[in-house]
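K.L.:
This is the structure I have questions about; it appears just below.
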Amino acid sequence: MELIIISGRSGSGKSVALRALEDVGYYCVDNLPLPLIPELAGFLSNSGRSAVVSLDIRNIPENPESIEALLEQLSKLTIQTKIIFLDCERNTLIRRYSDTRRLHPLSNKDLSLESAIDLENTLLEPLYQQANYIIDTTNISSHELAENLRGILRGSTDKALKIVFESFGFKYGLPADADYVFDVRFLPNPHWNPELRPMTGLEQPVIDFLERQTEVHNFIYQTRNYLEMWLPMLEKNNRSYLTIAIGCTGGKHRSVFIAEQLAKYFQSRDKDVQIRHRSLEKHHKKIS
């Protein structure tokens with residue numbers, strides 16, 4: 001369990017950082033008032049949870065001693081605390097504010113953008129000096145920032161990409177959440193066997209029928225090879241889920257069997273796998 005404090009200049013990417021850490025399992029709180037942070041840390045210590053708190057110029061007092069007192073108070077707790085500071089070059093911050101046309105948080109002090117950035121830099125100096133990690137976001141994308149954060153905290157939590165295999169029937173429409181869709185309607189169809197028609201791809205007679213088909217074996221082999229080739233790149237792309245949809249006409253036989261086979265294969269490779277049969281779920285709801 002640990003408390004991660006994200007701070008840094010306005011416009012340096014703190015919102016991106018919070019979303020990235022939320023995706024890897026942290027409980028995230030944006031702009032928690034400074035006096036409440038020790039209370040949150042105490043709660044986390046008792047509950048065994050980890051959390052991320054963002055501190056920016058809106059909830060940081062102008063007195064540097066307040067920040068030092070907070071850090072000293074946190075050091076007395078059993079929970080581990082880390083500070084990640086996001087920095088960025090002044091000219092890049094000016095350009096980002098110009099592009100988004102947003103107001104700097106200190107603009108309400110009747111300061112120009114440049115003066116607001118400089119004042120903020122002074123006020124954040126105590127956190128900058130105490131930071132465990134400093135990330136310069138001047139020349140990196142939001143995906144690269146997220147990957148840097150994941151790399152820093154990998155020893156604490158490394159949430160694997162969850163691969164969802166789902167079968168569906170084309171006659172019910174394409175699943176909206178699919179990243180990849182594979183059409184297996186060209187494969188031999190158990191539907192035309194009167195004995196197999198009322199069954200599903202989860203039942204042994206249908207499994208036996210499909211396992212005898214060379215085309216089915218070839219499709220499974222080539223599909224899993226394709227996925228294995230690109231999975232490393234997908235895992236590095238800051239994803240939480242990868243949804244792979246397998247579709248046949250009714251979503252009852254071929255797609256169910258193939259989704260099951262692919263799921264079992266990737267489970268055997270220690271991947272985090274979930275399986276879902278959309279059309280079977282619809283059919284079950286109609287019956288019940």
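Glycine residues also receive a Cβ, built from the backbone N, Cα and C atoms like all the rest.
Taken from Swiss-Prot, the feature ATP binding site covers Gly8, Arg9, Ser10, Gly11, Ser12, Gly13, Lys14, Ser15, and the record attributes it to sequence analysis. The GTP binding site annotation in Swiss-Prot covers Asp56, Ile57, Arg58, Asn59 and is backed by sequence analysis.
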K.L.:
Reported as an integer number of Å, what is the Cα distance between Asp56 (GTP binding site) and Gly8 (ATP binding site)?
P.N.:
7
K.L.:
Of Gly8, Gly11, Ser12, Ser15, which is closest to Asn59 (GTP binding site) if I measure between C-alpha atoms? They're all binding-site residues.
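P.N.:
Considering only the listed binding-site residues, the nearest one is Gly8.
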K.L.:
Quick check: which same-chain residues outside Asp56, Ile57, Arg58, Asn59 lie with their CB within 8 A of the centre of the GTP site CB atoms?
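P.N.:
Going along the sequence, the neighbours appear as Ser10, Asn31, Leu55, Ile60, Pro105.
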K.L.:
Any same-chain residues 6+ apart from Gly13 (ATP binding site) with CB under 8 Å of its CB? Would you list them in sequence order, or say none?
P.N.:
Leu86, Cys88, Thr137, Ser142, Leu145
K.L.:
Rank the binding-site residues Ser10, Ser12, Ser15, Asn59 by how many other Cβ atoms lie within 10 Å of each Cβ and give me the one with the fewest.
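P.N.:
The binding-site residues Ser10, Ser12, Ser15, Asn59 were compared, and Ser15 has the fewest Cβ atoms within 10 Å.
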K.L.:
In angstrom units, rounded to an integer, how far apart are the Cα atoms of Ser12 (ATP binding site) and Ile57 (GTP binding site)?
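P.N.:
So the alpha carbons of Ser12 (ATP binding site) and Ile57 (GTP binding site) sit roughly 12 Å from each other.
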